[in-house]
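Trainee: Feature table excerpt (Swiss-Prot):
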type	residues	note
DOMAIN	4-96	domain '2Fe-2S ferredoxin-type'
BINDING	C42, C47, C50, C80	[2Fe-2S] cluster binding site
Amino acid sequence: MADYKIHLLCEEEGIDVTFNCAEDTYILDAAEEEGIELPYSCRAGACSTCAGKVTEGTVDQADQSFLDDDQLLAGYVLTCIAYPSSDCTISTHVEQELY
């Protein structure tokens, strides 16, 4: 089973951290295990509270039901139901960008 390096960034929140995440672990769960506090609400991919934007790398978020095709193409991700499929960099706390 592969582990990937996840780099989270949010200048406003003072977040600039890298941690390992297994390919079968949700990014939000792995961040919490590292003591990183990220926003979340439903934990089911049905809202936008945990939204991030992938700026490098790829994720698998097939379980999400909230983001539309344009948002997915733009790189938005719901960290509560996203598995890493490569090393990636994600900007966090971007929910307001979706509206």
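Keep in mind that glycine also has a Cβ here, set from the backbone N, Cα and C atoms.
Help me picture where these features are in the structure shown.
Mentor: Helix, strand and coil counts from DSSP across the domain '2Fe-2S ferredoxin-type' (4-96) read 17 helix, 32 strand, 44 coil.
All protein chains shown were included, and the count of other CB atoms within 10 Å of the CB of C80 ([2Fe-2S] cluster binding site) stands at 25.
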Trainee: When neighbour density is defined as the number of other C-beta atoms within 10 angstroms of a residue's C-beta, which of the binding-site residues C47, C50 has the lowest density?
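Mentor: Result for the binding-site residues C47, C50: minimum number of other Cβ atoms within 10 Å at C47.
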